[in-house]
């Protein structure tokens, strides 16, 4: 069960409205790597967790923190949308084509019109100048953005990846504004992302130290059941061998169980596929050969009902 | 530019058809972590890559390999769907309700009917017993499943996560069949997933060794621009302290730049949010106070057109 | 900011596993009217609320409660999925076609096979027997399921509708199981839905009593700006007049501002549309008339670049 | 079966083209609460209706009317897109970066370029200056936007909510243009929305008067099967008690069957959840305890195939 | 504007309920090539049509017919879902695992349970045994399924393709049932699909005869603006030359303007791509070379704010 | 299996960056008719093909070519996004509202700001100035865009339609830029589209010549099983008879098996639908008649558990 406190985890209000930036920062709420993703991912991982209690507790702690991050961003967006121009200017709109849309004759009017033209229209029409559960192009957040697999190592790697993409996007948005209030709020969130990258790296170490999981994930699957001879080969699928120069092409493998090998001219190991000679006739696929003279038209009277 | 060879990278045909398993193994083609995801993710990362040539070449090599993995799975599915029962049995269908659907009176008929009832109906209606670009519940693959951010460390972590979830799912599907042909093909793919987990761990090391990126991602962002005092704190958002027992709660941080701290009773640092006193009247949101006596009905004649 | 307590708001464990019912009850988590919808809808409405504080507080209270409802259902689903049959039986599988899929020769085996065939495959492959943010056919929850418009009357009506569909679905699922534990948990949730229907009806009254909103929504829009002569007409778009028998066809309108009128033979008030004579040539739409003799092929040399 | 008359239900042509506004008004065609939603919602409710004939007839009448509303809006959009600038200006484009995109040196050219930059690109590329079944950010209409549940009270509440959000959006769009033609057409549609809000309120009364349904929906479900002690409690999930001030916190409940109660300090009623001790081993989830010394690697030879 | 008549265009009721077939035949309502697609596609093409009146009228005629086809199928589905088993049987459910789900001990019970397990759960939970705007796996219809491009030849080819896939699916569903009522209704719809395939072939001829469009579409684009030397070459992207045996590999091209040519060993015509030397620093992509010694950490004090 | 060569099939770099055009040309990668669609469509058709080898080989050849087309466009987009303005200008931003967003006081600054405001924000935030698998409004490509039905005639018609819409869109984008490099690359792709339209027309002829398929598709379905009397009728669903003037309204049908007939005043052939008298009580739909005095509330004690 959850409780709410009215105060925000952290917050500095934007100094000025900016509807274009409001559109952009929606990415951090409802984008693939936004706060809705980490919140839902950590909560579902916690709820589904069957491993030791410390992991379950930790997952629910951080998932609960992330709900508050959405709250901070939603508040930021409400401020950024305040006084947004919901309509293009009408003065000076003389030209039949242009004037209908844009009539501003001085730079300020033009600029206000640009804002009205390029802001997310749903911020006016649908949400009445409030945040939405969508990304920076208005695409809605959806449940396929998260994973909770029951295997904590696989999931902690997912979490590390989400926090890496998330901090990258937050930093980019930090660079895309000059507003001191927005920058201050983001600098808190970026610091939390630093913690969370560290946290998942630590959690990965912790799982290893507990002997619960290792590379390759899942490590409990008997290695002799996979085709070991192909488990450390890099296949060079193009001409040229620049890809031979990396760590992945030679030396001991990272799991300590093999040696990397560079396959310069890989050849297929399998045969040409041979589909069934004739497809199921009642599905009317194209057969390999013309079946009869009157294949173009079966006769209903000839059909044996075969269920 | 790309070339195709008619032979498959690897393949053993299934020994017997199995339309239910065909439905399930679609997850490895079109699911969130299926082969379409890794193929498209690596190709887009390669095409967008501005880093050293070895990374670009490596990304396009592995992306090209993954196209062939879809091909292997599509061929497997075509075999599994062969002879699928497209219709429920009619004999013995006597009961008005039941008989319409299921009329089999011996186990084999019942079982054939179960297959006809529970298989993916689109495998018959839409694809004519062929594979589809969708997952095991028929949801289509989509472009939001992949990321190519331009930051290789963030992306290699994404790739490691995708290969971890992918191998986990392949192993689960290995356990969910007894067919030796399917198991053999999967044992090749699982081995490649072992390689690919190792590959991305190696690529992460390689990026570090080149001095191109480190934790936290992106590492070129000046750390003094984030609120450093919150960059290594774990906030305990629930009663109880099981979460204090993990590596993430004490000791040096994983990036070597701080010390983990456990905040047992976290308090909000921000204020209660204060929305604008009155919303934009032309958007008809609910104001904080009743505005006038006749607020329930503005008069058009009173309205100043303000553009 | 939010806090979590480890105890559930309410919970009785299912007496027995049931993977088919686990698939079905996903509708209450991630369906159009599931708990994710009401949670997100109330939280976003609260965060975006500019009206009096009591509404904002109330919205965030109930939104916070709903997070806990997802938690209860996720826990229920984990129990229902315990010991789920992840594979079809192999004994007795003799027939080349049937045996590959279904080999059970006694009722229990057949039934276990039905469960393995008809359960949501992602419950095994993707979530490792845990709940998912998706509905009963595996379609993911998405942000277009919710609305937070800034107009509280419009939104409270949305909330009333969501709780009505939600209680209807919960009641249907109550009828679709015999498990006393599941029924007990649902009987708590159904009671909360009763409260929430009452709550939104009360909130609608409250808004009216405060003079903040009325029918038609939004009530601040001057009525003389709409075409009043069509504001209370029912148009009978079909032959027959059964639709004349309802309350909507005669008597005073519900907003007290007009009289219902039944238009038995409605006629169009507008003209036949007249599209522009010729479409933009650079977009190569089909023109109304063949333009020139050599319209089938413009000459590049004749083209004036017109920007 | 349906018939079409070539005349529009109502229509005034826009006075001037405006591609930016064309993008915005798409919300009324393909948005969550656009005309495609009400059309499909009413038609499916009508086709699925098993209640008295007057409801079925009424639903199909209004559903049929709404098809014509899409037609009116599609015609409006075609006019608004006429002469849309499909390309940025080239004259004066001297600067290597800027000039490539924007070369206008006088206000009119700049403004035309803004239109070309900010209009929905699919209006040029995909639809050739015609309307599309999508919303104002180009997201396509989809079937999850509608509901037809078979319970008319639940559905009429859905319809009331759709018409409330729909009229709110139409009014906002009315305020977002100065074009007299567009405003005139919208003033007809807004009036119809007034009727439709009244209509669903009347239909709700009608259902009650017929004794077919009441609060809580569905009212035929025996109340003693829900946990009545929680059916009228408001749970205060946050510090502070502003939420105690509303109608929902005290007094008789709206269904006349209980008394509202304000729970100031709600406590969980359920236990901490206890997941199964060890997860299904063949799904390779993380167990609660390290299982054996060589847990990191099962041996294939030890595995009992258990189906 | 549209009118409705209460009678169906054509209809024979199913003889018996069949919830599994109800799930399958949803494909013809809400699938990619279902009736919702052709209805919406033809209506939007008609509303957007700027060509001669006969095309616009014809498009709206057939679009109006297709609304009635959805109606026929929705009615069929309501009949098929009648008396659907909404719950698994409880008698004989003794075994702790199995009994919870399936307790039937005689074939009829088992079969009823299979229906309850494998039907679309939303047909019970969401629609109350009515049709839905979704396909046979429950995926919702969406607006990206249709096209209305403004170029009638491109669109008539789209229509021909939709009617070809549509008839193919209708025929497959005809083969997947034994119910005489369903087969009779489908035999009407299949005949209409025959007409519609003929209709679009005729419309294509008509457009050619009017001189409005030809191959390649769009034919008004000056051919000398395309690289004509590659306009009739077949590139053989694989080893082996089976693809040389078709009509597309030799002889005059179908548009009468060229000669097919088979390129047996195609070679790339372009260069290796060369990305920009260094990416935009404020987006923190990976550069081609390590930039400075302290690249791993910029200093904030060194940063020039460059906007 | 597939191979990659580092050289592009064809390519001329854009002369200048243009982030607005980069947004638009995404349509050709990830739009409904973009290169991802044709690539995936041809590959899946090839992998699922059970017809003669020449078709399978041809499909995989062209599918392989299309992968390279994505590569060309991705490279083009990376060039177009180079030096994109990721932030609005700050100088001259004096006004509290406007200045926050747009401060440019000379045309070039304004224009740069327009680019920053109207470009696809995800091109900066998500992809770091690289291409994405999405269309021109940022909607992701998905698997429902393609079809591989197993019937080659149906699929070749789909392919012809895809290449027609695709060439139309490429030509429109050709007209929407002045950049010689982009135009040159597009002129290659447009020529390939010319080939591919010819190719599918030839393939359709080839199938006919082989006697494998004809109109109506699928031609192996016995015509006497469809209601032949309706197979060549055009139904005029509107007043007026402009639609009688086309080729589809008179003369021999295109399949040579009938004669077109124009039905001027079509009448319904079916009855009014009659839903079941009373819906399933446990799903709580609205019945046709009020059932009992206390219908508003069943008594739990009266309920017979009927499973």
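Any Cβ shown, glycine's included, is placed from N, Cα and C.
Together with D:35, D:163, D:196, TrEMBL lists one candidate of D:69, D:123 for binding Mn(2+) 1, that being D:69. For the recorded Mn(2+) 1 site, residues D:35, D:69, D:163, D:196 set the reference point as the centre of their Cβ atoms, and the other residues of that chain within 8 Å of it by Cβ are D:38, D:39, D:62, D:65, D:66, D:162, D:166, D:189, D:192, D:193. DSSP states for the compositional bias 'Pro residues' (D:268-279), grouped as helix (H, G, I), strand (E, B) and coil, give 0 helix, 0 strand, 12 coil. Less than 8 angstroms from the CB of residue D:163 (Mn(2+) 1 binding site) sit D:38, D:193, D:196, D:197, D:200, each of them six or more residues away in the same chain. Distances between the Cα of residue D:66 (Mn(2+) 2 binding site) and those of the binding-site residues D:57, D:236, D:238, D:240 are shortest for D:57. Neighbours of residue D:236 (Ca(2+) binding site), defined as other CB atoms within 10 A of its CB across all chains, total 25. Listed binding-site residues: D:61, D:69, D:238. Those with a CB under 8 Å from a CB in chain E, in sequence order: D:61. Counted within 10 Å of its Cβ, the other Cβ atoms near residue D:35 (Mn(2+) 1 binding site) come to 25, all protein chains included. Long-range neighbours of residue D:69 (Mn(2+) 1 binding site) (same chain, six or more residues apart, CB within less than 8 Å of its CB): D:9, D:35, D:38, D:39, D:189, D:192. In this view, residue D:238 (Ca(2+) binding site) is surrounded by 20 other Cβ atoms within 10 Å of its Cβ, with every protein chain counted. When the C-beta distance to chain A is held to under 8 angstroms, the binding-site residues D:35, D:57, D:61, D:69, D:238, D:240 reduce to D:238, D:240, listed in sequence order.
Taken residue by residue with DSSP, residue D:240 (Ca(2+) binding site) is part of neither helix nor strand, so it is coil. Candidate binding-site residues D:196, D:238, D:240 yield D:238, D:240 as lying near chain C, with Cβ-Cβ distance under 8 angstroms.
Residue D:61 (Ca(2+) binding site) counts 23 other C-beta atoms within 10 Å of its own C-beta, drawing on all protein chains shown.
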